[in-house]
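Database features, via TrEMBL:
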- 11-92: repeat 'Solcar' (REPEAT)
- 102-193: repeat 'Solcar' (REPEAT)
- 201-291: repeat 'Solcar' (REPEAT)
Amino acid sequence: MGEKPKSGGVWPTVKPFVNGGSSGMLATCVIQPIDMIKVRIQLGQGSAAEVTKNMLKNEGFGAFYKGLSAGLLRQATYTTARLGSFSILTKKAVEANEGKPLPLYQKALCGLTAGAIGATVGSPADLALIRMQADATLPAAQRRNYTNAFHALSRIAADEGILALWKGAGPTVVRAMALNMGMLASYDQSVEFFRDNLGMGEAATVVGASSVSGFFASACSLPFDYVKTQIQKMQPDAEGKLPYSGSFDCAMKTLKAGGPFKFYTGFPVYCVRIAPHVMMTWIFLNQIKKVEEKIGL
């Protein structure tokens, strides 16, 4: 019998997108409770311990997974687009570099670009996720009572217009660019350091590099995440006036009211969320690739 032909057609092109989205969705299923706690902290409901205790007491365990459908939809759009784009961009860059390893600045540029693409595609799902997670914190009369991500998207489009789905897209894109630059660049450098300089094994290298990557991704992106969250959850007052006119106005008012450290509200929880998500995304992605190799995809 002849050798099994390699898969052709569109699969080689769409594979990095499918793999990226799948790994991100699997990681989100594990991280969703921590993400919910992070949002509640940013909304001023107390420390991580206080938020956890109050949610269990008043809303039950299921509250930690409220908005999961939106979180999965976000990964199916945002992470599919960013990891798929990053794979294609780096592949093209390596080809242009005659097969030589990419310097750090080129990896950072690829990460910035991929982050912008992913955030633009995933912004509507991100808005739905924030709205669903914040809904329980509002007075009963102001709650939107979305049943799932698609209900949220349809309601937002119907009540506020199609373009409202990209409310807060500006800070979302900037945050994604900062996060992906910090995550991807520091991850690659950390892998080389742990593997080549310290001689660590594969598992230890992934854990160590992912932790470093998660820290820098958190430090670079949290200020933008804070502004994005404030913009996306804001509602008009009794006179119909919004608290912020835009992202810059929100940043300036926040800086004036609470100083620069206000942007790092919830940083420990945010960092704890980002690092495991980065780690599990890479692990799931590697496992998916191994399965595809075994079945010949």
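Cβ coordinates come from backbone N, Cα and C, glycine included.
In the predicted model, the repeat 'Solcar' (201-291) has a mean pLDDT of 84. With DSSP classes pooled into helix, strand and coil, the tally for the repeat 'Solcar' (102-193) is 79 helix, 0 strand, 13 coil.
The residues of the repeat 'Solcar' (201-291), classed with DSSP into helix (H, G, I), strand (E, B) and coil, number 74 helix, 0 strand, 17 coil.
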